Every structure is written in structure tokens, then in C-alpha cells.
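Some notes on the structure that comes next.
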Amino acid sequence: MAWWKAWVEQEGVTVKGSSHFNPDPDAETLYKAMKGIGTNEQAIIDVLTKRSNVQRQQIAKSFKAQFGKDLTETLKSELSGKFERLIVALMYPPYKYEAKELHDAMKGLGTKEGVIIEILASRTKNQLREIMKAYEEDYGSNLEEDIQADTSGYLERILVCLLQGSRDDVSGFVDPGLALQDAQDLYAAGEKIHGTDEMKFITILCTRSATHLMRVFEEYEKIANKSIEDSIKSETHGSLEEAMLTVVKCTRNLHSYFAERLHYAMKGAGTRDGTLIRNIVSRSEIDLNLIKGQFQKMYGKTLSSMIMGDTSGDYKNALLNLVGSDP
């Protein structure tokens, strides 16, 4: 399933929300769960992981109207650690959440390039536009300018190119002549010469539609006798390599890409909780069911079983609720 179609499928949604929804009793349940000494975490999980994002926003409104307090701030003061991080993530409207993740990836010392690459390479033009708008509203600065200030060289260029969302052509039209030309240009820019013409790679990867690129990758393999991924690995390194490979992965199969991100978050010692939370929260109302199916195919185990082995307590229970039953 190519990336530009992935976000329209209903069967992909794991969190559908409540069909007989009334925000007032939910707000009251949350208030009671946090009032006095101690917190009833299970009650919080039961409400917030079983409602859609739109419903959570209505619960927050009702909470403020009934109790004169901000729900997110109250949750922050009552919860802690990874569980708090997950529950607070659920309370952000989707584009504001992604804007926050990008902002957090750039503020302070060091830049988390992986987060920026993941979001920019996997979102559609409309989604990127909404994220940029939310970023400006919430942080008073321009996302493109902040990325330019925070990255440099070819990585900066590929990120700025991706932000333009020029790959978004859903017509599915492919000009075979241009696809062949692009494949030859990529070969000439990489395997054929000593050193690499990075800009040629960046331009083709960031401005051509996904359907067109699939054809380019096929032609490339015929000319170079190796996959475009292998060439990128041998021609580039570091964050630029990661960015280029991410574009290729998202073009080939978006669900496989997210399955790989979730697996990466949990494999080996320790858990990359930021990546785990972001990908489960941001895909739960888009295509998480399809990602689960792909995960099982790729890794021979279910996403839930890996979460169960890798996390614990309320954090684990909330994640499992969001992921839903096994495919």
C-alpha cells in the first residue's frame, strides 16, 4: 500500500471512539479519578484510550466547564513518567501533536534528526501544511526556518524539499520516458562517478510522485544491478542516508515503514519510548490496523506481544488499548 492512499482507509483505524458519546460523564469520571489522594489510573485509561481525538477535545472542554481546570495540566500534575507522556500525547489535536514533536526534536542541545525525517518523509502535502500551520500557531515561528537553523548541508536541503510536499501526485500518471531518464540520472549521480551528486538524488526523491518513483526504482535496478537502497547505503551515510532511505521506504510501503519504526523502538535493550508513543498515537486513527498486519508479517510476532514484553504497568495497558486486538 503506497503512502498517499494509506490515510483514507477506515479499516486501518484502531481507535474509533465511543458511539454513544457524552463528554460530561467522561469529564466527571476523570475528575473523580484524580481528586483527593492517589489517582485511579485505570479509569483514566478506560476513558481516554477508548475515545477518538475529537471526543477527547470535547471531554477537555466539558472538564474545564464543569471543574474550572485544564484537563491536560491536571493530568500532567497527577501522572508521571512514560504513562504521563502517552496520556498527554493523546490529548493533543493531531497536527498540534506532530508540531510539538518537531519542536521538541529541535529545542535544546542537539537535534533529533530521526524524528524530523520520520514525520516529513511520511506525511502527505495536506498533512504537512496543517502541521506547519499548527507549528506557527503554537510556537510563533516558521517550521521551515527552524529546520534550516537547526540542520545543515544536504540534510537541511532534503528536509526543506520534503516540507514542500511536492511528491503528492495522486493521479497515478507515470511517464515511462521520464522514469527511465531519472533512473539513468541517479545512476550517473552515484554509482558511475567517484563521489556522489547528492542534489540529483534529493531532487528526484523529493519532487517525483510515489507511483513515478516506483517505476524509477525498477528501472534503476535494471541499470545498476542493485537496488536503490543498496546504492544509497554505499553512496551516503548518517542522517542524509537515513532521510533518503526513509523516502524510499515510505514510497514502497508506508505500513511497512511504520512497522519498522515500531520494531526499532522496542528491539534490543531498552525502549525508545518517544518513537513508540509517537507512532502509536499518531497512526491510531489512521492506519494502525494495517501496520499491525504488516508488523506480524515482517517480524513473525504481533505488535501487542512485543509491547507486552517491552513495557509494563499502566503504560503497557494504555498502549495495548490503543493498539487493539491482534490481526
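Using N, Cα and C of the backbone, Cβ positions are placed for all residues, glycine too.
TrEMBL lists Met266, Gly268, Gly270, Asp310 with the feature Ca(2+) binding site.
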When a 10 Å sphere is centred on the Cβ of Met266 (Ca(2+) binding site), how many other Cβ atoms does it contain?
18
Gly270 (Ca(2+) binding site): tally of other CB atoms within 10 A of its CB:
9
Cβ-centroid neighbourhood (8 Å) of the Ca(2+) site, Met266, Gly268, Gly270, Asp310 excluded:
Ala265, Lys267, Ala269, Thr271, Arg272
My understanding is the cutoff is Cβ-Cβ under 8 Å with a sequence separation of 6 or more in the same chain; which residues meet that for Asp310 (Ca(2+) binding site)?
Met266, Thr271
